[in-house]
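Accompanying notes for the structure given below.
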């Protein structure tokens, strides 16, 4: 941008004002961003880096010069001091025009221009510092905003947690409210029942009062009749007949009382029988602690029954007492009537005497009734005492039951503690055992017995395997019975036919983890044809819950790889898969085609270097990043593997399958490097020609398989005897397994056993071979932490 000077004194930083000059026009270059940053606000008093700038008027204050004594201190290395600008100052600086006396005095023009440029630099530096300050303030505000947002998120989480707690409390309060409402309803029903019973009692009392009033009326009527008898002697005979009828009714009522008494006695007998039953139940409660709860409830029920019966007896007793009082009142009434009749007339003295005798008889009967009532009261008291004794015995039984329950709970707690200690001890034993094996360098051996098949379960020869359960050999021993002779074997772990794939993998998961830690790990499955080797290593396709050791190992490795990324670890992984078919190596994931006669298109050779690594030339190595990629390669290899049908197995593996995963890890924070190898091998099954019925190509395959397995047996014998020469070169299989059998690798063998009684001979041979393998010492495993070499991609084991 170009502007022209106006007639205005120049802005100077020196102590000497410039001389006046004539009017002329000159061109000066200015910066565009200065005009863009000049806003409508005042740019005064903004502190930068803890300093307060001086106003620009100190520099350009109404044409006054800045003296040497008033120069501001330097700011962040600036040569112009800490100053401040206003909008008017900036506009004045931009619109400033130089005054010159001589237009041809270039020296003066240069000095003015230099001075003007210096003042522009001061303004530009001030704007730069202001912009830096604003950027720092923006960063601070941004950080404070992030912290505030984080705190808001935490507060929202706390509010959610509090809301969940309040919801749970509200739910619990609602449950309590519901239970309280139910209790209130129950109490209201009980109250209603009590009110109804009270109403019934009041009605009964009213009935009794009514009957009493009727009796009073009857008494008045009788008195009126007696008075009428005194007045009318002629009606004495009718009165006598009526008295006889009344006495007859009394006799009938007396008979009714006798019947009721007999019913009461029967009721008492029944009560005594029930009491005897209660006593028997109490004795049964004391003898049988296991059914104490039910017996206690039954005793409580019988107690309620006895209580109700006692209350009913009390009611009946009260009724008998009332009846006795009524009869006494009637006797007294009759006595008074008889006395009046005697006084009124002497003609009926004989009848009155007879009535007196009858009244005496009634009194005697009433006395007998009183005695019977007392006897009933005594029996009732005895029954109540016995009921109290039964209550005490029930309480004792309940107390004893509570003690027994506490004792049982204590025993269960001790049992749980003992089981926990047993589990911890077993874990410690396994850890120490694995440590001892690693220090000794032994090959670990796991034995797995597959379940019986449908056509094998019909055998009548019985089970040939048993599993000791002693503390020393639990889960590690297996016994085989053959021709009445028992053969005992002990391994590092024995899996029964009920063991799942998950349980088997848990036992080897730590060994798989060692590959990520930089160790060489080798796991191979050995056994006869149809013993379950391929199922153990690969699993059943299409059934995720029955995945084999190879898919599960890969899932664990890639999960651990993801979990160790925050710690700075990065891993590279390569996969190779091959099979040894008729002593020939085949690449199962190679893209090249095979010749129709079964021979591979390439010839692969095995070589060992000085570091103990094994190399397979021209073998395909694939970089993998996930378990899905490896699963795809496994499926491709399974379709390419040699499989045939024999009399022993419809899908028999006719080759040795070798899966290899090479792992290279680097920790960027510690510069630590590890290099591990995981080898998972599914050996072909050993078989007898007499059983397999192999002919033609199958016969050649069987001979090659048995030869390689025989060579493996020779190598194991040589290692067990610690011979100087170990025949690793006798077969491609043993030569390939040389680092696993004689180097610094962690090696585990699965010996798979068939439970079919017809295969007991092969099972015995497999178990004996596994025992020899378990006794071999191959050296202490060594962790590989060196850097990656150029030939590491060709390293096999």
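Positions of Cβ are set from backbone N, Cα and C atoms, glycine also.
What TrEMBL annotates here:
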REGION    1-25  region 'Disordered'
COILED    163-428  coiled coil
DOMAIN    442-776  domain 'Kinesin motor'
BINDING   527, 528, 529, 530, 531, 532, 533, 534  ATP binding site
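Feature map: TrEMBL annotations on the structure.
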{"residue": "527", "record": "ATP binding site", "CB count, 10 Å": "27"}
{"residue": "528", "record": "ATP binding site", "CB count, 10 Å": "24"}
{"residue": "529", "record": "ATP binding site", "CB count, 10 Å": "24"}
{"residue": "530", "record": "ATP binding site", "CB count, 10 Å": "24"}
{"residue": "531", "record": "ATP binding site", "CB count, 10 Å": "29"}
{"residue": "532", "record": "ATP binding site", "CB count, 10 Å": "19"}
{"residue": "533", "record": "ATP binding site", "CB count, 10 Å": "27"}
{"residue": "534", "record": "ATP binding site", "CB count, 10 Å": "25"}
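Confidence in the coiled coil (163-428), given as mean pLDDT, stands at 76.
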